[in-house]
Structure formats: C-alpha cells, structure tokens
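Annotated features, as they stand in Swiss-Prot:
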type	residues	note
MOD_RES	Met1	N-acetylmethionine
REGION	1-21	region 'Disordered'
DNA_BIND	112-180	DNA-binding region
DNA_BIND	196-264	DNA-binding region
MOD_RES	Thr201	phosphothreonine
MOD_RES	Ser273	phosphoserine
DNA_BIND	298-362	DNA-binding region
MOD_RES	Ser364	phosphoserine
REGION	370-411	region 'Disordered'
COMPBIAS	370-379	compositional bias 'Basic and acidic residues'
MOD_RES	Ser389	phosphoserine
DNA_BIND	407-475	DNA-binding region
MOD_RES	Ser412	phosphoserine
MOD_RES	Ser433	phosphoserine
MOD_RES	Ser435	phosphoserine
REGION	456-487	region 'Disordered'
COMPBIAS	457-487	compositional bias 'Basic and acidic residues'
DNA_BIND	482-549	DNA-binding region
MOD_RES	Ser484	phosphoserine
MOD_RES	Ser546	phosphoserine
REGION	546-576	region 'Disordered'
DNA_BIND	568-634	DNA-binding region
MOD_RES	Ser584	phosphoserine
MOD_RES	Ser638	phosphoserine
REGION	649-765	region 'Disordered'
COMPBIAS	664-674	compositional bias 'Polar residues'
COMPBIAS	677-746	compositional bias 'Acidic residues'
COMPBIAS	747-765	compositional bias 'Low complexity'
Amino acid sequence: MNGEADCPTDLEMAAPKGQDRWSQEDMLTLLECMKNNLPSNDSSKFKTTESHMDWEKVAFKDFSGDMCKLKWVEISNEVRKFRTLTELILDAQEHVKNPYKGKKLKKHPDFPKKPLTPYFRFFMEKRAKYAKLHPEMSNLDLTKILSKKYKELPEKKKMKYIQDFQREKQEFERNLARFREDHPDLIQNAKKSDIPEKPKTPQQLWYTHEKKVYLKVRPDATTKEVKDSLGKQWSQLSDKKTLKWIHKALEQRKEYEEIMRDYIQKHPELNISEEGITKSTLTKAERQLKDKFDGRPTKPPPNSYSLYCAELMANMKDVPSTERMVLCSQQWKLLSQKEKDAYHKKCDQKKKDYEVELLRFLESLPEEEQQRVLGEEKMLNINKKQTTSPASKKPSQEGGKGGSEKPKRPVSAMFIFSEEKRRQLQEERPELSESELTRLLARMWNDLTEKKKAKYKAREAALKAQSERKPGGEREDRGKLPESPKRAEEIWQQSVIGDYLARFKNDRVKALKAMEMTWNNMEKKEKLMWIKKAAEDQKRYERELSEMRAPPAATNSSKKMKFQGEPKKPPMNGYQKFSQELLSNGELNHLPLKERMVEIGSRWQRISQSQKEHYKKLAEEQQRQYKVHLDLWVKSLSPQDRAAYKEYISNKRKNMTKLRGPNPKSSRTTLQSKSESEEDDDEEEEDDEEEEEEEEDDENGDSSEDGGDSSESSSEDESEDGDENDDDDDDEDDEDDDDEDEDNESEGSSSSSSSSGDSSDSGSN
C-alpha cells in the first residue's frame with residue numbers, strides 16, 4: 001500500500017460489524033453504481049472525486065449511502081490508490097472476484113499453515129519462561145539470549161525440534177497439494193518463459209552444490225547463515241578444485257549454446273546476437289587458471305630492463321613499493337654494458353622459447369580457443385605499442401628512423417650545467433623539491449664567472465653543430481648530453497641504499513647520514529673497488545662526450561639491407577664451424593663473450609688434426625650448398641629485386657674497401673671507433689650478435705690454422721678494441737656479407753686475408 005491504509009479514517013473506525021453481510025454480488029453492484037455516478041471527464045485525484053461523490057445516488061436495495069461509503073473505504077484499503085478513481089474501481093472489481101489470488105494466496109481460510117522452523121519452536125517454547133525470569137529485558141535482548149541458548153544446545157536435544165519440524169513440513173506439503181487440487185482457480189501460475197536457462201558461473205555451481213550439503217547437516221540454517229558460512233570458501237579453494245568447477249561450467253555453457261541455437265531457429269523473431277550466446281561465464285582469473293593447466297606458457301618480460309627488475313624485486317619484499325622501481329633503475333645504471341647485454345640475450349631467448357611453447361599450446365586447442373588466445377596476444381601487443389616502459393623507450397627510439405620526426409633543438413649551456421650539478425645537489429640537499437632545486441641551479445649559473453661559463457657554451461656550440469650536421473636517417477638524438485659521471489661514494493651509496501632504507505624505516509635523511517658516516521669510516525682498501533668504478537664511469541663520460549663532438553660516421557651507404565628469403569651465410573672454415581657448434585649448444589653460455597672466445601681458441605688448439613679436417617670438410621660442404629641455394633634464390637627474384645640486390649652488393653664492396661683501406665687491422669679499428677659511438681644499442685638482434693662472434697671466430701680460426709696462437713691473438717685484438725665487444729651489429733653484418741661475396745668468388749681468399757690480418761696484428765704487438 002501507499003501508507004494511507006496504515007492510518008484509518010473516521011469512517012473506517014466507525015465501520016459496523018454488520019458489514020460482513022455484504023455478498024460478492026452486492027459489492028460488485030456497489031462498484032457498478034459508483035462507476036455510473038463518476039463524472040465523464042474524471043481526471044482528478046481519487047480522494048477529490050470521492051469527496052464529491054453523492055452516496056445517496058449510489059445507495060441500492062436496503063444499503064444506505066453511509067453503508068455504501070463505509071464498504072467502499074473497506075474495499076479501497078486493499079488496493080493501491082495513487083491512480084484515478086476510474087482505474088481504482090477496475091482493480092477493486094478484480095480483487096472482489098479473486099480475493100485470494102497471487103500474493104494473497106496464504107490468506108485464504110483453507111490455506112495450510114506453514115510449520116515453524118526448529119529454532120522458532122524452541123523460541124516459542126522458552127520465551128514465556130525467560131520473560132518471567134527477566135522482566136526487565138526487551139524483546140530484542142530476549143531473542144539474543146534464546147538464539148545463543150539454542151546454538152549451545154546439544155545435538156540430541158536439537159534433534160527433537162528438527163524431527164518435529166520435518167514431520168510437520170511433510171504434512172504441510174500434503175495439505176498444500178490437496179489445496180491446489182480443491183482451488184485450481186486461486187493458483188496463479190505465472191506463465192514461465194520457455195527460453196533456456198542461462199549457464200552458471202563456476203562459483204554459482206559450487207555454491208549450489210555446497211548449499212545442499214550444508215542444509216543436509218543443518219536443515220534449520222537460514223539463508224544468511226549459509227551465505228556467511230560459504231562466502232569466503234570459494235576464494236580459498238585449491239587450484240585443482242577450482243578447475244573442477246571451471247570444467248563443469250564450460251560443459252554447461254557448451255550445452256546451452258547448442259540448445260540456444262536450436263531455440264533461435266524456432267523463434268526467429270527474437271533479437272539475440274551470437275555474442276550473447278557465446279559470452280564466457282569465466283572471470284579473467286579463472287580463464288588464466290584454466291589456460292595455465294592446459295599448458296599455456298607464461299609471457300616473458302618485454303625487455304631486458306623489465307627482466308632485471310623482475311629478478312631484483314623478488315628479493316626486495318621488505319622495501320616499500322614506492323622505492324622499488326627507483327632502486328631497480330639505480331642498480332640497472334650501475335651494470336656494465338656486458339652485464340646488460342647478458343640480460344638482453346636472456347630476454348631474447350625467453351621470447352623465442354615463449355613463441356615455440358605458444359605455438360605448441362595453440363596446436364592442442366580447438367579452432368575457437370585458438371582464435372581467442374591469438375586475439376588476447378594481439379591485444380597485448382597493441383597495448384605494448386601504445387604504452388612503452390621507460391626502459392624500452394630508449395632502444396625503440398634509437399632503432400627508429402628519424403626522417404619523419406621533427407629535429408630536436410640542442411640543449412643550452414645552462415641546461416648542460418644544471419644536468420651536471422643536479423645529482424650532486426640532490427645528494428647534498430635531499431629536502432629540496434624539484435622546483436626549488438631548479439631555481440637554485442639557475443642562481444648558481446648566474447653566479448658563475450664568464451670563464452667557467454665558456455666551457456659549457458663550448459659544449460653547447462658543439463652540440464648545435466652536431467645537430468645541424470645530423471642527417472635525416474641517422475639514429476635518434478646523438479645530441480643528448482651523456483649522464484654525468486658519479487663519484488665513488490655515490491656509486492657505493494646506490495648499491496647499499498636499499499638496506500639502509502629498510503634499517504631506518506624508509507627515512508631517507510637518516511639513511512643518507514648513516515651512509516655518509518659509514519663511508520668516511522671505511523678504509524681505503526675497502527673503497528678501492530668503488531674508486532675504480534668511478535674512474536670507469538669518468539672514462540665513459542669523457543668518451544661519450546667526445547663522440548658527441550665528433551662528426552657522425554656515414555653509415556647510410558653501408559647499412560645492411562634485408563632481402564626476404566636470402567640464404568644465411570654458413571661458416572667459412574673449420575674453426576668457424578667448430579665455434580658455431582660450441583656456441584649453439586650453450587655449453588659456454590656461463591662465460592662472458594671475451595672469455596668464451598678465448599676458451600674456443602684454446603679448445604681448437606687441443607683437438608687433433610683429423611678432427612680439424614672433419615670440421616673443415618663440414619664447412620666446405622655447407623659453403624657448396626650455400627652457393628647452390630644463393631644462385632637459386634637470386635634466379636627466383638623479380639628483375640627489380642635482382643637489380644637492387646646486385647647494386648647493393650656492388651655499393652657495399654666499394655664502401656667496405658674505403659672503410660678497410662690497405663690494412664685489415666686499421667679497418668677493424670675504424671669499424672670499432674664507429675661501433676663505440678652506438679654502444680648503448682640494447683635492442684640488437686641475437687642473430688647479429690652470433691654473426692659478430694662468428695667474425696671473430698673466423699679471424700681466430702684462420703690464425704689457428706696457420707699455426708698462430710688463437711687464444712693469444714683473440715685476447716690481444718679484444719684488449720685493443722677496449723669496449724668488451726660492444727661492436728655495432730650492422731657493421732659486423734656488412735663485414736660478414738662482404739666476406740660472403742668474396743667467398744663466392746674464391747673460397748680461400750677470406751681465410752688468407754684473415755690470416756694475414758692476424759699476422760700483422762701479432763707483428764704489431
């Protein structure tokens with residue numbers, strides 16, 4: 001009702017008990033008379049129209065106007081009243097005809113009484129007794145006490161109430177069935193839709209099952225008690241048990257899809273899309289769990305920096321989450337290029353393994369599931385392109401072409417000064433914010449003498465000239481100022497700051513003071529390692545700065561072009577074949593690249609001459625096969641591609657001749673200086689790295705076959721190179737390709753030239 005039924009009017013209070021003599025026919029007549037006396041344009045509230053009703057005109061038989069009015073008030077209390085009187089009378093007529101229909105079914109005098117639950121039986125039995133013992137208690141307090149007493153009852157006493165309830169419940173069900181037979185017109189069976197029931201989620205299936213089990217043990221439990229008891233159990237289920245319900249839910253969904261498609265064919269008027277039928281009942285976590293048990297591989301980190309962070313964070317559980325990424329970034333910067341390269345190779349290997357495992361996983365899936373997994377992989381790749389991590393941003397920018405991008409303005413002298421001094425100020429004044437730090441640096445710049453400013457202005461001029469000389473296709477942002485060199489104390493602090501922050505509960509000021517005291521009390525012998533690292537960092541800074549001032553090497557003409565389907569160059573001699581075999585089986589992966597090459601040279605010296613001949617024959621056979629495949633591939637090219645390939649080979653030979661000059665050693669030095677300018681390229685491909693190793697193997701192998709000490713030669717060459725094999729892969733590819741072309745003309749020419757190169761190296765040393 002709308003609330004008015006709870007506040008009886010004076011007429012309702014005065015209703016005589018004799019009103020019971022109204023029959024159904026009399027009440028319908030009353031309503032008909034009222035309907036006939038309504039105004040033609042009845043649009044007012046029913047109370048307004050009711051107050052203007054002439055009840056004497058409504059009176060009929062021996063029912064007076066007042067009696068009719070009282071009866072109307074009684075009937076109108078049974079229906080909602082926020083409508084016009086015309087509408088209200090129609091509803092009242094329906095109520096008079098079927099007073100016990102629908103929700104009012106239980107009000108029928110013959111309707112069987114529902115049995116009390118075991119708890120209510122106990123409550124009704126004990127309430128009077130406890131009310132006498134505790135008259136000061138309210139009904140709420142009594143209910144709480146009796147509820148607690150019932151829970152404390154032994155099972156034997158509880159069983160008495162449970163058995164009485166079950167007996168009366170069976171009797172109630174029999175009486176209800178009899179009532180339905182006797183009064184079929186009163187049962188309002190809502191016409192149920194014949195649309196198939198939607199499939200349940202794994203959690204819903206589990207809850208339905210567990211609820212039945214729970215009610216068998218505690219039949220008197222309320223719905224709230226069942227929910228409270230089972231609510232948290234689903235999240236605590238083991239993966240194996242959760243998987244059981246996931247499989248059941250998937251089976252149910254499959255059945256639903258088949259039934260639903262048949263239903264849609266029979267009812268084409270329904271507007272149900274295919275997406276609505278095939279909608280998954282699994283959550284993201286449940287889907288991932290199923291995929292994991294089906295053998296779907298875990299996606300590896302996207303780049304070497306992410307891989308390093310993932311490994312480092314596993315041991316940083318005590319460090320606050322806000323500090324972890326900062327520490328990871330600092331530790332990453334402390335790694336040498338060789339260590340970063342190792343992580344890059346490891347990351348690339350994980351990606352390759354993932355692709356192989358993913359293909360194997362896809363083969364085991366039906367076509368629909370394959371499409372789903374491929375769709376998820378595609379979305380992940382799209383998201384990666386849209387949001388790049390700080391670690392992956394730099395390589396992607398370096399590897400991209402700059403022709404379509406707007407060139408950046410070179411940095412100013414003041415900016416160079418600020419970047420150089422900012423880190424030192426941050427350590428000395430950690431309480432300053434970024435904006436305060438910037439203002440302080442600006443004041444310091446203004447206070448500098450013109451002589452000191454001239455040094456930074458010279459750098460600015462060099463960077464500006466560099467920017468003007470920079471070609472459109474050159475690698476991105478050579479004019480960026482290199483990172484300032486760190487002092488020994490700064491490098492040490494970055495390596496231990498995590499421990500100090502944990503000790504001082506993330507209080508950075510206290511941690512910095514403690515680190516400063518520890519550093520001052522350290523012996524020189526303990527500081528020596530950090531002093532060496534600082535010296536290396538200073539050399540790195542000076543080298544990068546000199547590279548920025550130097551004009552960029554012209555690499556566009558010698559940049560390796562990729563031709564689809566071009567056969568890969570095989571080893572050119574026995575030593576290179578031997579090296580490739582050792583490198584590919586992973587036996588030496590634990591060694592750094594420099595030591596790895598020395599070890600390969602040493603092993604080559606130890607094997608017998610017959611084994612060397614065996615590797616030489618294998619290499620010669622692969623060279624013959626390569627020539628055949630290369631000829632077939634060149635013939636298969638279109639005329640335009642063939643012409644482009646020949647032009648590329650011709651230009652490459654000319655460029656390599658210019659770069660190498662008469663002395664092979666000087667050419668290698670030239671290439672090395674060029675490669676040093678791009679040593680931070682973290683996104684080089686692993687195949688190019690292998691070719692770089694093969695190039696060194698080739699030189700070492702030739703010298704070994706000529707009787708030279710391969711390991712010694714390799715060590716000397718690498719020590720002269722100076723940067724632990726951080727050669728640019730593209731340049732190494734060019735050397736490989738040049739050797740490859742020359743080898744097509746004469747198999748032994750490359751070997752002899754390499755031998756002469758090594759001999760000259762040895763002579764110069």
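From the backbone N, Cα and C atoms, a Cβ is placed for every residue, glycine too.
A map of Swiss-Prot features onto the structure.
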{"residue": "Thr201", "record": "phosphothreonine", "DSSP class": "coil"}
{"residue": "Ser364", "record": "phosphoserine", "DSSP class": "coil"}
{"residue": "Ser412", "record": "phosphoserine", "DSSP class": "coil"}
{"residue": "Ser433", "record": "phosphoserine", "DSSP class": "coil"}
{"residue": "Ser484", "record": "phosphoserine", "DSSP class": "coil"}
{"residue": "Ser546", "record": "phosphoserine", "DSSP class": "helix"}
{"residue": "Ser584", "record": "phosphoserine", "DSSP class": "helix"}
{"residue": "Ser638", "record": "phosphoserine", "DSSP class": "coil"}
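Just so you know, of the modified residues Thr201, Ser433, Ser484, the Cβ with the fewest other Cβ atoms around it within 10 Å is the one at Ser433. Cα distances from Ser484 (phosphoserine) to the modified residues Ser412, Ser433, Ser638 are smallest for Ser412. In this structure, the CA atom of the residue listed as 'phosphothreonine' is 25 Å away from the CA atom of Ser364 (phosphoserine). In this structure, the C-alpha atom of Ser433 (phosphoserine) lies 23 angstrom from that of Ser412 (phosphoserine).
For the compositional bias 'Basic and acidic residues' (370-379), DSSP puts the residue distribution at 10 helix, 0 strand, 0 coil. Between Ser412 (phosphoserine) and Ser364 (phosphoserine), the C-alpha separation comes to 59 Å.
Nearest Cα neighbour of Ser584 (phosphoserine) among the listed modified residues (Ser364, Ser435, Ser546, Ser638): Ser364. Taking Ser364, Ser435, Ser546 as the modified residues under consideration, the smallest Cα distance to Ser638 (phosphoserine) is found for Ser364. The 10 Å shell around the Cβ of Ser638 (phosphoserine) contains 8 further Cβ atoms across the protein chains shown. Straight-line distance linking the Cα atoms of Ser435 (phosphoserine) and Ser364 (phosphoserine), rounded to a whole number, equals 58 Å.
Under 8 Å, Cβ to Cβ, and six or more positions away along its own chain, Ser546 (phosphoserine) finds no residue.
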